[in-house]
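Quick look at what TrEMBL annotates:
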- 109-128: transmembrane segment (TRANSMEM)
- 152-287: domain 'P-type ATPase A' (DOMAIN)
- 312-331: transmembrane segment (TRANSMEM)
- 337-357: transmembrane segment (TRANSMEM)
- ASP397, LYS398, THR399, GLU520, PHE562, LYS586, ARG615, THR695, GLY696, ASP697, ARG777, LYS783, ASN806, ASP807: ATP binding site (BINDING)
- ASP397, THR399, ASP803, ASP807: Mg(2+) binding site (BINDING)
- ASP397: active site, 4-aspartylphosphate intermediate (ACT_SITE)
- 440-467: region 'Disordered' (REGION)
- 440-453: compositional bias 'Low complexity' (COMPBIAS)
- 830-1068: domain 'P-type ATPase C-terminal' (DOMAIN)
- 864-886: transmembrane segment (TRANSMEM)
- 892-912: transmembrane segment (TRANSMEM)
- 942-962: transmembrane segment (TRANSMEM)
- 968-989: transmembrane segment (TRANSMEM)
- 996-1015: transmembrane segment (TRANSMEM)
- 1035-1059: transmembrane segment (TRANSMEM)
Amino acid sequence: MADNIPLHPVRSIQKKNAYYHEGRHNSCCDWLANTCRRKKELKARTVWLGCPEKCEEKYPRNAIKNQKYNIFTFVPGVLYQQFKFFLNLYFLVVSCSQFVPALKIGYLYTYWAPLGFVLAVTMVREAVDEYRRYTRDKEMNSQMYSKLTVRGKVQMKSSDIQVGDLIIVEKNQRIPADMIFLRTSEKNGSCFIRTDQLDGETDWKLKIAVGCTQRLPALGDLFSINSYVYAQRPQQDIHSFEGTFTREDSDPPVHESLSIENTLWASTIVASGTVIGVVIYTGKETRSVLNTSNPKNKVGLLDLELNSLTKALFVALVVLSVVMVALQGFAGPWYRYLFRFILLFSYIIPISLRVNLDMGKAAYGWMIMKDENIPGTVVRTSTIPEELGRLVYLLTDKTGTLTQNEMVFKRLHLGTVSYGTDTMDEIQSHIVQSYVQVTGQPAGSSSSSTPSRKPQPPPPKVRRSVSSRIHEAVKAIALCHNVTPVYESRAGVTGETEYAEADQDFSDENRTYQASSPDEVALVQWTESVGLTLVNRDLTSMQLKTPGGQILTFYILQIFPFTSESKRMGIIVREEATGDITFYMKGADVAMSSIVQYNDWLEEECGNMAREGLRTLVVAKKALSEEQYQDFENRYNQAKLSIHDRALKVAAVVESLEREMELLCLTGVEDQLQADVRPTLELLRNAGIKIWMLTGDKLETATCIAKSSHLVSRNQDIHIFRPVSNRSEAHLELNAFRRKHDCALVISGDSLEVCLKYYEHEFVELACQCPAVVCCRCSPTQKAQIVKLLQQLTGKRTCAIGDGGNDVSMIQAADCGIGIEGKEGKQASLAADFSITQFKHIGRLLMVHGRNSYKRSAALGQFVMHRGLIISTMQAVFSSVFYFASVPLYQGFLMVGYATIYTMFPVFSLVLDQDVKPETALLYPELYKDLTKGRSLSFKTFLIWVLISIYQGGILMYGALLLFESEFVHVVAISFTALILTELLMVALTIRTWHWLMVVGEFLSLGCYVASLAFLNEYFGIGRVSFGAFLDVAFITTLTFLWKVSAITVVSCLPLYILKYLKRKFSPPSYSKLTS
C-alpha cells in the first residue's frame, strides 16, 4: 500500500487540470490547433534506483539542443523567413510571371539571377550559423560521465543518460541532468554546488544527501537495496521541489521526504567532493531547459522600416501603372497592358536592396570583429548590427557583468579607530602581541591586555585598550561564520578515501575555504592574513591557529544560520581551554542596530561605508554563563519540537538572547567592479540610454553595487519599493513612488510580480521615468518578462547584457543580446547576438559601431531605392512620349548591368562612410541620442529621395529627347550614359568622409562602363524591339555626344550640390559643429 499513499492528491490535481484545459477550447478550430500542437503532458513519476528499464513512461533524451532547424525544416524554414518580407515575395511573383509568354518582357535572367543570388547568400549564412550551433551542442552532449551499474562504473555520454540512472559527478564537473542527491564522498553527508549558471546567485548552495543512502557502508550497496524516488511533475520553479524516498526492503519501510536541498539541478557545478545521484528529469524536462525560452529570429528595426517603405513604393508602382493604362484609354486587353506596366516599372522596388544590405551587415560584422580596441568581440547574429545604434534601454545583469564577483576585505571599524587596507599590518602586530602576552596561561583566556596570573574577567565598564578590542573583534570574525577549510591531499587521491584525520599538515599552500557566500570566505581569508587562521572545522568544533602556531579549539554549541528574513547569523561556542561560552553574532546593520548596546557611531559609519560601495557587516558578542546557556538550550529544544508555529517559537527563543550585545566592530567588504564600469555606465547614461539592473542577488547587495558602480549617481535618492503581496498594497506603494521625482527605483522580484499583475501599464510608465531601475531577486524567466514588457509598452529598442546561464532567456528576448565571456562559463555568450570579453567594450560597440552601422545602412537603403526610382521615372517618361507603349527602354543586359557592374561598387562603398570620427563619438556620447529618434531613415527623408529621383529621371529623359539627333538609338546612348554619371556623382554627394576604396570604386565603375561602350556594342540592345543597333562608335567619340551628356548630367546634379551646400551652411547637423 505504501506507494499508493503519495499518489492520490496528485491524480486529482491532474484531473482538475485536464478539465480546465478542456474548458478552454471553445471552438473546433481551437481544438484542432491544440491537438496538433499538444505538448506532452508533464507527469509526476516514480523512479526506481538504478533501474531505468522500470520506468512506465518514455522520457525525453538528455540532449541539449539550441538549433533552430533540422535537416527537413531547414530549406522551408529559411525560405519562409525570406518570403515573409514583402520585398522578396513580390520578386518571386514577378519572376514567375516571366514564364507566361504574353507577359514576357525581357530575358529570364534579368529577374531570376538577382533573386537566386539573394536566396543563395541567405541560405549559406543560415547554414553556417546552424552548423556552429550544432557543433557547440555536440560538444556539450558528448561530455563523459561515470554511470554506476551492478558490474561497476561505466563511462557514458551526457546525451545517453536516462531517468533512473545512477550517475557519479566529480568535483568541478557539470551536473548533466536533474538528480536526487543520494551519496557523497564528504564525511558530513553534504556538498556544495555552484548555481550561478542556473539562477545567477554566486553563493554556493549546501545540498544534503538522502540519509538512508548516505548511511550505506559502500557504493555497491545502492543496488542491494530495493528503493524508489517519487517526484512531482517537472515545473519551472527552481527553488522548490517535493518528493519522497522510499526503501521497501527494510522493516518497517523507510520513508524520507525530499525537498529542494536534496536535489541537484542540471547545469549546476559540484564545488566539493564527489556526488552520486539518481536522475529524475532529463532533457527538455530539466529545470534549466524549462527556464530558457526558444530563440526567436530577430529582425532589426531598420529592416522593418525599409519593409514598410517598399510597401509604399509598391502602392506607387500600381498607381503609376493604372495611370498609364488610363491615359491609353483602357484600349484593347488593358489588364494585360496593366500587368506589363507593373513589370516594366518593377525596378521601383529594388531587389538588390536585400543583397546590398545583407552584404553591408556582413561588412559591419567583420569591422566589429577586426576592431583592435575591443579585442575578442564576436558577432553571432549577423542580421542586426544596426540595432546597436538604436538602443534606449540597456538591461544588465549584476554578478559577473558589472562585478568580478571577487570579494576583498577593505575596512575594519572599531568605533574610535578605523583600519583600511594600508594599515592592516598594525592589526597584525596587535594580534601577535596579544597572543604573545597570554602564552603563559591557558590560551586566549585573558581579554585584558595586562598579563595577569590567573584568568579573571576584566572589570565590566572600564574602557579596554585598543589592542584587546582588536583581538576580540578579529577572534569574533574568525569564529562567527559558516566556512569550512578544505585540504587538497597532495597525492591527489579522490573518491571515497577519507582524508588523514586530525594531525594532517595544516600547511597554508593547500588549504582552500568553502562557504555558501564569497563574503564569508573574504572575512576568513582576512583573519588568516592578520594571523588568526581557521585550520579545521567539523559539525561540532572549530580550530584556530594563532600567530605563534598554537591551536585553539572551540566547541560549536549552536548555529543560527543566515536567512533573508533575519539578515543575521549567530553562533554559540565554548572555548576548550577556559570553558567560556560566548554568543557571537554578525549581520546587516538594519537588523543589528536594535540588538547591540547603545552607541553613537554605528549608523553613521555604515552610511559612510555604503557610500564607498562596501558591503557592511556588524559583529557583536555576548558572554553567557553556564546557567544562562542551559536555560536557553532547554527552551530552544522545546521550541524545535513544537508542531504549531515552530519557526516563530524558535525565533522568539533566539531573540531572548539577542539583547544588549556588545558591539565589537563593523567590517567592510568590497565586491570588485569590472574594469572601467563607472566611466562606461556614465557614457551610456549621457547617451540617453536608460540602464536597468536585473539581478538574482539580495536587495542590500544590489543597492550597494548600484551605488558603487555609479549606476545611481551620488546625489540621487533611492526609492526602495516595499514588499507588496496584494492589490491594495501595490496601489499604495505605487502612489508613494509617484510622488517622488528623479529617484532611482529598487524593487524585488516578488513585489514586481504583484505590480505587473495588477498595474502593468502604470508601473512600467513610472519606472521608465526613472534614471535607473534595480530589480533584485529576479528569476531568469522574470528577467525575460521585463524585457518583453518594455518592448511592448514603450515600443523602444532594448538590449540585454549578461554572462551567466540565468541571463540566457533575457538575452534571447531582447532586440539585441550581448553576452560576456565570464568566469560563469560561456552559456550566455553563446546564446547572444554579440559576445564581448569585457563590459567596458560595450561603450565603443554602441557609440561607434552601432552609430556607423545604422547611418550607413540608412544611406545605403535609400540610395538603392533612389537608383531604382530614377530608372522607373525614365521608363515612365519614355512610355508616355511614345504613345504609352509598354516597351522597355533599356534591354536585358543593360538593366542587369545597371544594378550590378556599373553602380554596384560606388553605392556599396557607402558602407565605409562615417560622419563622425570614433574618438568624437566616444567623447560626445550625446550624439547617440539623435540616432534613437530614427531620423536617418524616415518617411520624410524617403520622400526627399523620391523627389530627387523624379527630378533627375525627368531631366535625364527629357534632356535626351530634347537633344534628340537623327536616330532614336542616340536617346538610349545619351540617356544611359548620363544616368550612370549622375549615379556616380550622387554617391559622391552622399558621402560624408572619403575613403580610398570609395575613389577606387567610382573610377572602377566608370572604367567598366566606358569599356563596355567600346567592346560590347553589338552585344547590347539586341532586344525584341530594337531601334537599330545600340551604338555606333563614331557617334560616341564625337564632341556633340560628350557635351550633350555633360549638359544633361550637370542640370540633373548641380542644383542638388547647391542645396546641400546651403543646408550645411544654414542648418548644419549636430556632429558637424563638433568636428569643425
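FYI, residue positions are counted from 1 along the chain as it appears here.
Using N, Cα and C of the backbone, Cβ positions are placed for all residues, glycine too.
Heads up, TrEMBL stuff is auto-annotated, nobody curated it.
The structure, with features from TrEMBL marked on it.
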residue : record           : contacts (Cβ under 8 Å, 6+ apart)
PHE562  : ATP binding site : ASN482, ARG568, MET569, GLY587
ARG615  : ATP binding site : ASP519, GLY668, VAL669, GLU670, ASP671, GLU700, THR701, CYS704
ARG777  : ATP binding site : THR695, GLY696, ASP697, LYS698, LEU699, SER748, GLY749, ASP750
Segment-segment contact (the transmembrane segment (312-331); the transmembrane segment (864-886)) at 3 or more Cβ pairs under 8 Å: yes
Compute the C-alpha separation of ASP803 (Mg(2+) binding site) from ASP397 (ATP binding site), stating it in Å without decimals. 8
When the binding-site residues THR399, ASN806 are compared by other Cβ atoms within 10 Å, fewest goes to THR399
In contact by Cβ distance (the transmembrane segment (942-962), the transmembrane segment (1035-1059); 3 or more pairs under 8 Å): yes
Contacting positions for the transmembrane segment (996-1015) when only residues 6+ beyond its ends and CB under 8 Å are counted: 897, 901-906, 908-909, 912-913, 977, 980, 984, 987-988, 1031, 1033, 1036
Cα-Cα, whole number of Å: THR399 (ATP binding site) versus ASP807 (Mg(2+) binding site)? 11
Between the transmembrane segment (864-886) and the stretches 109-128, 337-357, 892-912, work out which stretch tops the count of Cβ pairs under 8 Å. 337-357
Let me check the 10 A CB neighbour count of ASP397 (ATP binding site). How many other CB atoms are there? 29
Round to the nearest Å and give the CA-to-CA distance linking ASP807 (Mg(2+) binding site) with ASP397 (ATP binding site). 7
Could you tell me the mean pLDDT the prediction assigns to the domain 'P-type ATPase C-terminal' (830-1068)? 83
CB neighbours within 10 A of ASP803 (Mg(2+) binding site), counting all protein chains shown, number 34
